Amino acid sequence: MDSTFHELGISQTLIETLNALHINKPTKIQQISIPQFLSEKNLIVHSPTGTGKTAAFAIPIIEKLLKEDQTAKPTLVIAPTRELVEQIKTTFSNIAKNKKLRIISLIGGVPAWKQIKKIKTNPQIIVGTMGRIMDLLERKAIHFSDLEHLIIDEVDLMLDRGFKKQIFNLLEQINSFKQIAVYSASYNQEAINIAKQITNNGIFIGSPEFNKDANTNNDKLIKQFVCYLFSDQKKQALYSLIKTAQVKSIIVFCDTKKLVDDLHVFLRKNELRTFALHGDKKQFIRERNLKIFANTKQPTILVTTDLIGRGIHVEAIDMVINYSACLNLEAYINRMGRTGRNNHKGTCVTFCTSQEKKVFLKMVEKITDNRIAECKQMEIKLIPLKNKAKTKKGGISLDCVQKIYANAKPYDRNKRVPLASDLFKSRMRQPEKAMQKQKIHDNDWQSNM
């Protein structure tokens with residue numbers, strides 16, 4: 001039987017704030033973890049993407065601050081990325097609205113002196129990246145003699161980014177804390193071992209029901225597709241998919257920063273409103289691009305690495321495209337989890353080469369009862385690139401290209417239909433008059449199958 005926030009020990013004042021944020025009832029992870037948190041137990045929480053993990057620790061922390069003296073010892077929350085830190089800070093700020101709590105974020109890419117000034121206001125809640133926190137400790141600009149709570153979010157990503165040593169260094173610099181809790185959307189064995197060690201074998205909260213909730217939601221709200229392509233066909237397929245889909249918001253995931261920049265330029269040249277996001281971008285650019293994408297009313301594309309694959313909440317994402325196939329199950333779930341949120345239907349499309357097919361299908365079978373559909377069922381029409389469909393001396397005109405593609409069949413991997421970029425290259429070598437003599441018609445597309 002589901003519990004209410006009141007039954008979990010949350011005050012009416014805070015419940016009213018939650019209701020104003022359209023948080024009317026606790027998720028399963030919140031139902032189980034909040035009472036344990038309020039009892040000051042050390043916790044190890046496994047909570048997949050989209051199950052309300054951030055609010056699961058933000059709500060009880062704010063509840064305790066409202067009941068206790070607000071000059072009490074501070075809470076420190078550590079997260080692996082700047083974007084996730086800002087997202088967590090926003091969650092705290094929204095839930096603590098009009099409660100006069102001081103909440104600050106400490107991240108790289110922002111002048112340290114500005115953050116030192118904020119530290120001097122004696123904030124009750126500090127959210128930061130490990131790198132900036134350790135930097136400020138070395139400068140002696142901040143100290144943690146005592147903490148109320150220490151929260152480590154997405155601990156597996158922290159370890160993946162090489163912060164194991166820093167985690168233990170941080171613990172050595174904290175004289176005492178009432179409570180420590182570790183949260184993550186996924187745990188490998190190393191993450192489990194570290195979590196047990198730093199929480200002194202804290203209470204583990206995780207259940208197949210949480211995964212079931214997430215996966216059932218995905219099955220109902222998110223349509224999954226796979227497109228089997230050669231690597232050199234992906235750009236044209238991406239452009240065609242975006243133009244055919246005609247949706248407002250799309251996230252395109254890539255496996256390298258260089259590829260993000262490359263696709264950003266490619267889509268911009270083809271007159272698509274696109275923004276790029278990765279770790280090498282300056283902080284103000286990252287914040288600006290994410291803010292524009294989150295609040296835009298125009299069709300917009302965000303090309304990114306896994307930087308926002310987890311923890312970043314942008315509502316009503318219509319489509320996720322894995323331009324680089326994701327062969328890690330947890331990462332795939334996290335990417336897919338950017339869409340299908342708050343009962344908003346979404347689509348997840350993965351571009352997959354023949355070499356990746358077997359591994360990808362085996363991976364996806366673990367989270368869906370149905371075989372993943374192929375892109376040909378989406379009726380994607382191949383559309384010529386705008387930036388290449390220009391008349392060149394001895395080349396091909398836009399009109400001629402439009403004739404070739406006017407009635408192109410949906411992409412069919414079994415027949416290995418050449419995509420527009422390949423066909424265009426082959427035609428570029430032929431003068432337009434010669435093509436007219438050959439009487440190229442729509443069925444010329446079929447002859448290339």
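The backbone N, Cα and C atoms fix where each Cβ goes, glycine too.
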- Among 69-72, 153-156, 209-212, 409-412, where does Swiss-Prot put the label motif 'DEID box'? 153-156
- Task: With H, G and I counted as helix, E and B as strand and the rest as coil, say where DSSP puts Ser47 (ATP binding site).
- Result: coil
- Query: Which of these binding-site residues has the least crowded Cβ, counting other Cβ atoms within 10 Å: Pro48, Gly50, Gly52?
  - Reply: Gly52
- Task: Over the domain 'Helicase ATP-binding' (34-205), work out the mean pLDDT and round it to an integer.
- Result: 90
- Note on the structure: All chains considered, the count of other Cβ atoms within 10 Å of the Cβ of Thr51 (ATP binding site) is 21
- Task: Summarise the motif 'DEID box' (153-156) by DSSP state, stating how many residues are helix, strand and coil.
- Result: 2 helix, 1 strand, 1 coil
